[in-house]
Structures are given as structure tokens and as C-alpha cells.
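Structure record follows, encoded as C-alpha cells.
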Amino acid sequence: MPSLLISVLFLHIAIYIINTIAASTIDSLLWLIYMKLPTSASCIAREQHQMKLEVVQLKREMNATSSQDEFAKWAKLRRRHDKALEEYEVKNKQFSRFKSFFDVAVKALRWAGTSGLIVFLQFWFSKTPIFTLPPSWIPWQVEWVLSFPRAPMGTVSIQVWGGACAVVVALIGEAIGATVRYLYASKDSMEAIKVGAGAVEKEKKRQ
């Protein structure tokens with residue numbers, strides 16, 4: 001089944017990209033989008049922001065008021081500040097709990113759409129061969145391993161093919177990442193050498 005073969009390969013590529021590069025970006029983007037919607041969480045976030053501004057403003061007024069010369073005013077500001085700070089901390093804990101719940105839900109949905117889909121495909125197509133090997137091409141023991149757990153002998157199962165795809169994609173991803181890091185490091189080194197050479201040249205001209 002070429003379509004299943006290609007689907008599993010591209011699904012593993014997508015999983016690697018999402019989990020290695022874009023997971024935090026996707027989570028942050030979904031959170032920003034959710035905060036734009038008229039939900040209870042967005043209301044809590046706005047209230048939290050307003051409370052934070054109020055606490056900061058009262059703190060500034062307290063610092064600008066002398067506790068000795070204007071004790072009555074300072075004490076009143078202190079009480080307002082302490083009350084506002086307490087309310088802000090309660091609201092902040094409420095917001096943090098909701099954010100934690102949102103993060104767990106997003107991670108669960110991401111897993112269901114990537115790794116969970118792989119698990120489903122492996123279960124649903126466990127008896128379906130990805131491709132067939134040439135007859136007597138390899139020992140029967142190896143054929144049994146390649147067809148594990150339920151594919152016909154002489155074929156490659158979706159479990160084995162998926163595992164091979166995951167390993168190869170990870171190796172290629174690591175190689176690309178190492179190459180990119182090396183190129184950036186070389187570029188920074190060349191720029192540092194140019195800057196150093198320019199400084200030496202200017203020093204020679206001054207002399």
C-alpha cells in the first residue's frame with residue numbers, strides 16, 4: 001500500500017517537526033488566540049492585568065508618601081495596597097490553574113493528532129503489509145521480525161516501517177540541525193575575525 005507507506009512517513013515527519021521545533025510556538029499561538037475569544041479565561045486575564053496595574057500604582061504612591069510626615073495617608077495607601085495585592089494573588093492563582101489546564105488539554109490534543117494517530121494506524125492496519133519483500137531474499141527469521149506483530153510473512157508491517165521512519169527522520173533532523181548550527185557558528189567567527197582585523201587596521205593608521 002504505497003498510500004499507507006507515504007502517509008506514515010509524512011506523519012512521522014510532521015510529528016518530529018511539531019515536537020522538536022514548533023510545539024511551544026503552537027501552544028503559545030493557540031493560547032493567544034484563545035485569549036482573544038470572549039471566554040471566562042480572557043475575562044480573568046483582563047481582571048488580573050487591571051489588578052496588577054492597581055497594585056503597582058498604589059506601591060508607587062506609597063513610596064512617594066512619607067510614612068512619618070504623612071502617616072495617615074501612608075497607612076491608608078498601605079491598607080489599600082495590601083488588599084489589592086491579596087485580591088491580585090487570588091486572581092493570579094485562578095488564572096495559573098486555568099493556564100495549566102489549557103496546556104494539558106493542548107498537549108493531549110496534539111498527542112491525539114500525532115502520536116495517537118500513529119498508534120491508531122498501527123492497530124487498525126496491523127495485518128496490512130506496507131510492502132512485500134522479494135521471495136527468499138532474506139532469512140525467514142528476519143522476515144518474521146520485519147512482519148511483526150501481525151503482518152504476513154515476507155512483508156514489512158506498519159509497526160516496523162513506522163519505527164524505521166521515526167529513526168531516519170530523527171537522524172536527518174539532527175544532521176540538519178547540526179549543519180545549521182555549524183554554519184551559524186562559522187558565520188559568527190568570520191564576523192568576529194573581520195571586526196578584529198578592522199580594529200587592528202584602525203590602530204595601525206593611528207600610529
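Glycine is treated like the rest: Cβ placed from N, Cα and C.
Per Swiss-Prot, the features are as follows:
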- 44-97: coiled coil (COILED)
- 1-4: topological domain 'Lumenal' (TOPO_DOM)
- 25-110: topological domain 'Cytoplasmic' (TOPO_DOM)
- 132-155: topological domain 'Lumenal' (TOPO_DOM)
- 173-207: topological domain 'Cytoplasmic' (TOPO_DOM)
- 5-24: transmembrane segment (TRANSMEM)
- 111-131: transmembrane segment (TRANSMEM)
- 156-172: transmembrane segment (TRANSMEM)
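Tertiary neighbourhood of the topological domain 'Lumenal' (132-155): same-chain residues 126, selected by CB-CB distance under 8 Å and a gap of 6+ residues from either end. Each residue of the topological domain 'Lumenal' (132-155) gets a DSSP state, and the totals for helix, strand and coil are 7 helix, 2 strand, 15 coil.
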